[in-house]
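Copied over from TrEMBL:
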DOMAIN    6-121  domain 'Response regulatory'
MOD_RES   Asp56  4-aspartylphosphate
DOMAIN    133-196  domain 'HTH luxR-type'
Amino acid sequence: MENTKNVLIIEDEILIAEDLAFLLEDMGYRHIGIANNSEKALELFCNHQVDLVLCDININGDKDGIETVQVLLQYKKTPIIYISAFSDQKTVQRAIATSPSSFLTKPYNERSVQIAIDLAVANFSKNSLQLEENETYQKLTQREREIIALIAEGKTSSEIADRLYISPTTAAKHRNNILAKTGCNNTSEVIKLLYS
């Protein structure tokens with residue numbers, strides 16, 4: 001196990017946060033900090049290289065863990081593992097909308113956390129490597145890659161334009177360039193080609 005993976009812990013119960021930090025160290029990971037609210041999580045996330053996020057759903061502050069993750073994912077796609085005492089249908093559905101790698105319920109056992117972390121890191125790394133090795137992906141510019149990643153997240157053209165600070169016309173032009181370079185008829189085909 002590489003010891004270079006950095007993990008952000010978002011948890012407002014200090015004993016649980018410290019337990020997770022010790023577990024990560026035993027597994028060969030580094031925790032870059034413990035955040036007990038959304039603001040601290042965003043600060044740590046933006047100021048460090050984060051390879052994985054362990055996040056409680058019920059945290060201090062104005063935003064819960066799911067809302068916090070939604071903000072973090074706008075900055076960088078990162079594997080997420082939720083660890084929560086709440087597993088009701090509504091909470092789970094909200095969590096699923098952020099495409100987490102795993103959802104563990106408290107009280108958790110250390111082995112299930114270890115497995116979830118190892119799988120999340122391995123699958124995310126594997127998917128990233130496959131995408132980087134894809135010949136079609138290599139044809140795309142950095143901006144086109146950003147746009148296709150946002151399309152894969154289900155973003156609309158206007159949302160993409162807003163996120164990337166470009167005009168809707170420019171976003172549409174990039175979409176057309178992507179279709180031309182990949183030989184696809186629509187962006188759904190591009191997603192299947194690149195991510196399947």
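Cβ coordinates are placed from backbone N, Cα and C, and glycine is handled just like the others.
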What is the three-state DSSP composition of the domain 'HTH luxR-type' (133-196), stated as helix, strand and coil residue counts? 49 helix, 0 strand, 15 coil
For the domain 'HTH luxR-type' (133-196), report the average pLDDT of the model, please. 84
